[in-house]
Amino acid sequence: MKFWLQQLGLAVLCASSAAARTAEHAYEFKSVAITGGGYITGIVGHPAEKNLLYARTDIGSTYRWEQELNKWIPLTDFLGPEDENLLGTESVAMDPTDPNRLYLAQGRYLSSNNSAFFVSNDRGATFTRYRAPFPMGANELGRNNGERLAVNPFKPNELWMGTRNAGLMKSSDRAKTWTNVTNFPDAAANGIGITFVIFDPQHEGTIYVGACIPGGLYYTTDGGKNWESIPGQPMQWDPSLLVYPNETQPQSAGPQPMKAVLASNGALYVTYADYPGPWGVAYGAVHVYNTTASIWTDITPNANNTSPKPYTPQAFPAGGYCGLSVAPDDPDTVVVVSLDRDPGPALDSMYLSRDGGKTWKDVSQLSTPPGSGGYWGHPIAEAALSNGTTVPWLSFNWGPQWGGYGAPSPVKGLTKFGWWMTAVLIDPSNPDHVLYGTGATIWATDTIAQADKNLAPKWYIQAQGIEETVTLAMISPREGAHLLSGAGDINGFRHDDLDTPQPMFGLPVFSNLNTLDWAGQRPEVIVRGGPCGHQYPDGCGQAAYSTDGGSEWTKFQTCIKGVNTSVHNPGVMTIDASGKYVVWTSAMYVVSPSVQAVTPPANDSGPYASSDWGKTWTSPRGLTVQTPYISADRVQPKTFYAFSGGVWYVSTDGGLSYDAFNATKLGLPAHTGAVPVVSVDRAGEIWLALGSNGVYHTTDFGKRWKRITHKGTVADLITVGAAAPGSTKPALFIRGSPGHPKKSDYGIYRSDDNGSTWDRVDDDDHRYGGFNLIQGDPRVYGRVYLGTGGRGLLYADIVPGQSDKEGNVPGTGGI
């Protein structure tokens, strides 16, 4: 299949201009330090500029390593919610002739028509943006491969891009416009497509291209006028790999190229697998091609060429290979990493060769203390930054909840050496410095040469500054830790210190933590819920409560109907002011890009109530819908609220029964629903964010409502924070746009006068792809916590003595 595409680029200058603000005070933005928290899909280093490294992620965009600050710097925080799809990097390209030039191919999903190229002349401090004429898939299958985007070292204004469904593309004007290379033999338009483009820096016109199909390697020696399949490339699986062919068959007819590196001596190293990855891979191989002699050699690590010997018995199938790096100054120094041996044994391994793949050292095995039973891992004490700051959550509390990818090490005291280790780099400016990414973080060593002596390199975490979590829940109680959070994939945290990584919540450990709440008059009592694949014999693995502010947890005795080990989302939990009555609904809601309720299939009851920590659950009278729009009064015990389908519900008996009121008779718009947001210190005071209907407020438990915002206001989310000094009115924060009387951009706003006037909190440089959740702090005036869909968790504080005319400031990033 061949394509021809050309599109004029619409250039937009991003990141550097000051934003118009309405705020009286400037804000400082900081990351709540989790450190990592997501999948690192690629790490690249400039071939000539020392310490110039970039890390790309699937849903958190790209970071640049800043050596003087000893941290990674996010490059695309200017992206707003309308560009959430651009907060994922498909590929990174550096100009080998100019270290200041950087190119990012942005776009999370093929289903979106919003993909773009970001072009920088200052290492990502500012970008010019050009719309891409084809979709990208930074969070799709095959995101572990690459790099798809490459700069011609002989014509540095020329870029080539291997796409997922539009074939091989070429730009001669630095990504402004693109044309299809129509004579390329196979567009491989299978949704994975062409996964890497490599220029030979020693021979002008020679380009190597790989597609994720068997026999997918091609080359040209005349700048793309003519293409040939690389002769002799592996086309069929080695029969010796298929030890039990009737048990697990390869998913491809032959090896599929994953990544490739052209060494300085002309050797082309290629990793292979039977599936695009990062999951689902069962078989793989590593080969090297002598481009001068046109000879292929199988250099796959095996029992005959690897030291220490592979662990036996090894789980079958043995996985594939993806991660690959070659030392620029030594073409025989190679690192490869296996893919998808998890859950083992033996787990995925990093292999180091000093002789071009003739022999290998199993670095993962050497790095693991004796007696692990093939479950390679770092001692948990190594899960720390180079300055000693620990990242304790990487233990995953050794909780039996996931199984498979990302599961905690089965060996207590170890954290897995890694999974999805598809991003690996021998630092071009320091070959003893090796970095590799996982599904959660970046590990690094400065002593990889220890493996040559069959010793363990010293490892540390080099992910500081990278914050990639998806925030699913937040609370800020009146006492104890200022913030507790729930995240996608990594459970949740009690943030005793916002600026250093914290331990993960204890058992039961959830993969996601979707719901949190605290008791208004007993803030040390907290409930949480999330999916858990482990069946506990002594309680419900999907819900827990704490009576000490979130340090220790106890499982609920039973789950509500519809929540079990196979349910991915456990719904919403809330607890009354006394800390004795819990209401739990199996419905959920999503808030990005808009607030939308999702009701469960079995919708035969209202939210269930319990006063004995889940020993018994009662279906209520008066509310027969599993609505997610529920909350508890923070002051009056046994009082719960719900607003769903244009009906306002109130319970004063611990959720056993509800009185229902037609919204229009109370002063509310018809056919609406939202989470009731309650006052921290006044019974019956509630706010509702009703989208284009604005914000409504009541002080009498919902008997009478009043719209407090101007006509034209949009408010999708609302939260309550501490009152301004000298005021009795709590600060309100909304995600939306106040509209009239002053036209405003969509963002985060604060009101100190109950909605009469609004000040802008965020600005055009601090948008982070939009915010899934917002949470005010009842103890710190002006502070708001901001949960994102891939850029972690942030908090914004007013800068003392600085007006907004002086500008918002980025802060320290948490570490």
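Glycine residues also receive a Cβ, built from the backbone N, Cα and C atoms like all the rest.
Here is what Swiss-Prot records for this protein:
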type	residues	note
SIGNAL	1-19	signal peptide
ACT_SITE	Asp58	active site, nucleophile
CARBOHYD	Asn113	N-linked glycosylation site
REPEAT	118-128	repeat 'BNR 1'
CARBOHYD	Asn180	N-linked glycosylation site
REPEAT	218-228	repeat 'BNR 2'
CARBOHYD	Asn246	N-linked glycosylation site
CARBOHYD	Asn290	N-linked glycosylation site
CARBOHYD	Asn304	N-linked glycosylation site
REPEAT	351-361	repeat 'BNR 3'
CARBOHYD	Asn387	N-linked glycosylation site
ACT_SITE	Asp489	active site, proton donor
CARBOHYD	Asn564	N-linked glycosylation site
CARBOHYD	Asn603	N-linked glycosylation site
REPEAT	649-658	repeat 'BNR 5'
CARBOHYD	Asn662	N-linked glycosylation site
REPEAT	696-706	repeat 'BNR 6'
REPEAT	749-759	repeat 'BNR 7'
CARBOHYD	Asn754	N-linked glycosylation site
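Long-range contacts of the repeat 'BNR 6' (696-706) within the same chain, counting only residues at least 6 positions beyond its ends with a Cβ under 8 Å from a Cβ of the stretch, are 633, 639, 641, 648, 650, 661, 666-668, 676, 682-688, 690, 754-755.
Nearest Cα neighbour of Asn113 (N-linked glycosylation site) among the listed recorded positions (Asn180, Asp489, Asn564): Asn180. Counting only the Cα atoms, the space from the residue listed as 'active site, nucleophile' to Asn564 (N-linked glycosylation site) is about 29 angstrom. Annotation for Asn662 (N-linked glycosylation site): same-chain Cβ neighbours under 8 Å, separated by at least 6 residues, are Gly646, Val647, Trp648. Every protein chain shown contributes to the tally, and the Cβ of Asn304 (N-linked glycosylation site) ends up with 7 other Cβ atoms within 10 Å. Looking only at Cα atoms, the residue listed as 'active site, proton donor' sits nearest to Asn564 among the glycosylation sites Asn180, Asn290, Asn304, Asn564. The separation of Asn180 (N-linked glycosylation site) from Asn387 (N-linked glycosylation site), Cα to Cα, is 49 Å. Taking Cα separation as the measure, Asn754 (N-linked glycosylation site) is nearest to Asn564 of the glycosylation sites Asn180, Asn290, Asn304, Asn564. Among the listed glycosylation sites, namely Asn113, Asn180, Asn290, Asn564, the Cβ with the most fellow Cβ atoms inside 10 Å is that of Asn180. A distance of 50 Å separates the Cα atom of Asn564 (N-linked glycosylation site) from that of Asn180 (N-linked glycosylation site).
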